[in-house]
Amino acid sequence: MRKIFCFNRIGQIFLGAIFALLGLGVVAYFGYPILQAYYQAIPAKGIDLYLTVSNVRYLANNFAGPVNAWWYQWYGGRPFESVYPVLHFYLISPLAGFFNVFRAVQIYVLASLVLFAILCYILYQYFSRNVFVSTLITLLTIFSYGQYLSLFWAGAVPYTATICLVPLVLIFIGLYVNREDIRYLYLAGITSGLGLLGHPQVIVAWALPVSSLFIFFAGTAKRRGLLDSLWFRVKDLFVYFGVTALVGFRELAFVGVEGVFRLLAGIFSGRLVGTAAEISVHPEEEMAQNFYRSRTIVAKFQETIDKVPRWISSPYFPLLLLSLSLFFISLLIVKDKKKAIRVVVLVGSLLVYGFIFGYLFFMGLNPFAGGWIRVYWGFSVLLGVVISWLAGHFLRALRAFLQERLALWNISAFSLEVLVGSLFFSVGILLLVPAVHGFTTHILTRSHEFPDKPGVLHEHAQESSAYPSLLNMKRDEWGSNGFSQVVPSWLDPNRLDYRLYDMDATVNIWWSSIFDMPLARGYLDSAGGPNYNGWQYWMNIVLNKDEIVERMGVSRELAENQARFFVDWHAIGYLEGLGGAIGRDFGIPFSSYLLDDELIEKSEEVNVWRPTHDFYIDLPAYWETLKYYKIALDNTSPIYQTTNAPAILAIGDFEAHNILMRLFGSLNLNSQKAILVQGKERVDSYSLEELRKFKMLILYRYGYRSFGRTWEMLEKYVQEGGILFVDTGDERPEADMERLPDVFPISANRREGLGREWQMEEGKVLKDWEVDVSNFTAPIFNDEAWTFSYANPEAVDEGARILLKNHGKIILVQKDLGKGQVFWSGMNLPYHALREYNPDEIKLFGKILEEGAGIGSIRPLAGTDFQRPSPQKVVIRGENAHGVLFKEAGYEGWHAYVEANGQKRKLKIYQSGPMQPGYMYVFIPPEFQNEDFTVVFTFRGAWKTWLYYFVNFLGILFALDLVTGKHGLALLAGMSLPLRNRISAWWGREDEY
């Protein structure tokens, strides 16, 4: 009998292995067309495909660690690791040594899909203990729309590649729940942490919640007592989340910790960063928000019910009903009713979570950016887990039931399980046919809605957004010289000293995957400081479609000034854009004043032939057009330059910087005329020695810690030849003061309204400046009289010149003081001028700057030579210059030094221009200004980034120690051994006394 049992057991294992391999074979057979369709697709599929290609190409050509890698290709540049989760980019980059970058990306993401299918098969097999069930549900999972469309539709490679970690996490959670071996819980945490580094949305949306439900409702089954069991489950959750946080600390810190710090900083400073006033809401986004608000709860509920089945395989629902029926049958024969109740609670909680997640999404409460493509794939795994768990519970109950009633239960039970599983599989296969048919219909054929329209596929498969389509056709020639045909002969696309501006995202997405020339815009939004979004939107409406003139009422003259301001400051040497071209849905025309003959040196259209093939369909061929413009060199300036333009320090908050930058733009005070430095808010954050470097100071919406020290220092600055403009027209202490500091051209002032109309008297200076004060905007704010900080005539210092009066009160004064000058305004001039872009008020502000700092004319650039051995290092050589301007964003982690005459000096980097963080500007020490000098900029990474990755590294070591059973101390102890030996030796010497 023992021999028979042993034989049966071995035979059962052997047959189980055979069936398991056959199941994988079935999955591979049916799943291969998905891989084949993606790899062989012409044109390439996935809207965001080239986002990954661009990043991988960067690493393949300029490999650097995530701490100090610098991404200069988009906008003003930023740390590479802050552009997007970078783990997958680093994992793909070695493949670029064996394949072209395009193919390397495709091979990697397809390998992740294969791994996903295998892990899903193992997951379902573990829960169901039946190869037929696991095979069927795996096929259902991979053929769910929401599963493969993240690749075929969205082209979200990092997101898709991270999905495979979710079933692996659940496998480890399942092993822990059943075996209560804490190491499996550690492994689940490690896997979840790696997923955070790959793409946090995948883990946060599905792995963490589903795992938590398993731990809480299915974990610690052997514990006795409600409180005891509850305590251990809470402890397990704490361990799981703790290990996850340690391993994924960098991404967690970037999304969570820094976000909390920004929120707290906003609260304690009395404002929140990134207010709605700075960001223009796109009309379509506002319409969508209103749509969500207007819909009723009933309508949202109905849409949730209707839409969820659309994005996952329909057979899931009849199979869910079938598995629920089998589960209820098992309740009649199972002995452990408590365990069955736990299964009911677990399954119910999983289904409720899935429903709530989808429901909140349709209500517009989706915390995961990216829309529906970030949501629905998880339902297929969630329902797969539920069905396999219920089916497995039934089969285990059936086995236990037959064990008691049949003598040869091993053979009979196994045979019956095969029979039941086969029936389950047979029914499921019939239901699976529509899902497979859906793939072939929706991916491999044209839309049924538009059968005769060329180039239109079903909405479930989108061609890569790259325009022209030639780039999506030449999959095996990626990176070759064949793509030179997409630029004119006079444009060197690998030039590094100027940028290309293109508003069309379908061009921005691929440019950096082929060429080295940086872009003034990028495909993704680039997060920066509080003014960043506002300035980007400002630039776009200035440079495109005359939008700032037609929508905001800005005069054409001011709009053209702003356009020239942006072109110069952003080192835009080339433009590309064309509206209305065939197949070019996102191309828009430039503003008419931008294409002025004085600004544009030449232009040329490049026509690219659109091939005729699209998957298995013949489509009509047509020409696709790119149009390039070259900016005349005297209207722009390079990224790397030495300069003698006067440096002006704006001391104030970010709103002051925003207002002043827009005024400078309206006056076209570009980088060749003046360097506007974004200063700190507090005046006494600077020393007098530092202030002496600047030609002029603008104090607007400023602050300080020490009243006496601040104004004493400013007086010395002016006495020694500095120019000071101070505006107290807003709520400053100096807006209403009986005794003002001596640096002011007035001794006292008051702050109150002076009526809703002007009664102005301009001084001789304003008449000489030809400023027409009669055109000033009415002094009204919120339908009330504008509040002025004014001085009475007797309060004006002797020798001071009154520039402007209102109702007999002085509101603008200038005074010579020592070798310098002071301008005082009590009218909140910058804001008043900008409210309606009043040309004469803006002219007045410009005349003050011209009179004070002598700005306004273009200064020839000093001789400049540059080298860029790597993205992280820039060498600029020059002579006879006061400063060096490096037009890339001055993020923390950049350092600079100057060498001349065998000497080396560290330089402080200031932030300037319409970028956040500002473009980097350094002063050349006076003793080096007339010499040949070399300035070197290097990016080493911010200390916070080093800290985050160091903690991340220690967290991974700690987690690995936990898995090996060393209680998280072995590797850390080994690393700290030299330090501990030194401390022990020192302690021993102390004991000798």
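Cβ coordinates come from backbone N, Cα and C, glycine included.
As the structure is a computational prediction, the values presented were derived from the model and not from experiment.
Across the domain 'Membrane protein 6-pyruvoyl-tetrahydropterin synthase-related' (84-217), the prediction's mean pLDDT works out to 89. What TrEMBL lists as domain 'Membrane protein 6-pyruvoyl-tetrahydropterin synthase-related' is 84-217.
Per TrEMBL, the feature transmembrane segment maps to 12-32 (among others).
Under the heading transmembrane segment, TrEMBL lists 82-102 (among others).
With a cut-off of 8 Å between Cβ atoms, the residues of this chain six or more beyond the transmembrane segment (107-124) that come close are 23-24, 27-28, 31, 34-35, 38-39, 88, 91-92, 95, 99, 133-135, 137-138, 141-142, 148, 151, 157, 160-164, 167-168, 170-171, 174, 381, 384-385, 388. Taken from TrEMBL, the feature transmembrane segment applies to 107-124 (among others).
Per TrEMBL, transmembrane segment is recorded for 130-149 (among others).
The transmembrane segment annotation in TrEMBL covers 156-177 (among others). Through the fold, the transmembrane segment (156-177) approaches residues 46, 48-49, 51-52, 84-85, 87-89, 105, 108-109, 112-113, 115-116, 119-120, 122-123, 126-127, 147, 150, 184-185, 187-188, 191-192, 194-195, 198-199, 201-203, 206-207, 210-211, 214-215, 218-219, 221, 236, 370, 373-374, 377-378, 381, 385 of its own chain, all at least 6 residues removed from its boundaries and within a Cβ separation under 8 Å.
Annotation comment: TrEMBL describes 197-217 (among others) as transmembrane segment. Outside the transmembrane segment (197-217), and at least 6 residues removed from its termini, the chain residues within Cβ reach (under 8 Å) are 85, 87-88, 158-159, 161-163, 165-166, 169-170, 173-174, 176-177, 185, 188, 191, 233, 236-237, 240-241, 244, 247-248, 250-252, 255, 342, 345-346, 349-350, 353, 357, 368-370, 374-375, 378, 381-382, 385.
According to TrEMBL, the transmembrane segment annotation covers 237-257 (among others).
A Cβ distance under 8 Å defines the sequence-distant neighbours of the transmembrane segment (316-334), meaning residues of its chain 6+ beyond its ends; these are 136-137, 140, 144, 309, 340, 343, 347, 379-380, 383-384, 386-387, 390-391, 393-394, 397-398, 400-401, 424, 427-428, 431. Look at TrEMBL and you will find 316-334 (among others) tagged as transmembrane segment.
TrEMBL lists 341-363 (among others) with the feature transmembrane segment.
The feature transmembrane segment is assigned by TrEMBL to 375-395 (among others).
Here TrEMBL flags 407-433 (among others) as transmembrane segment.
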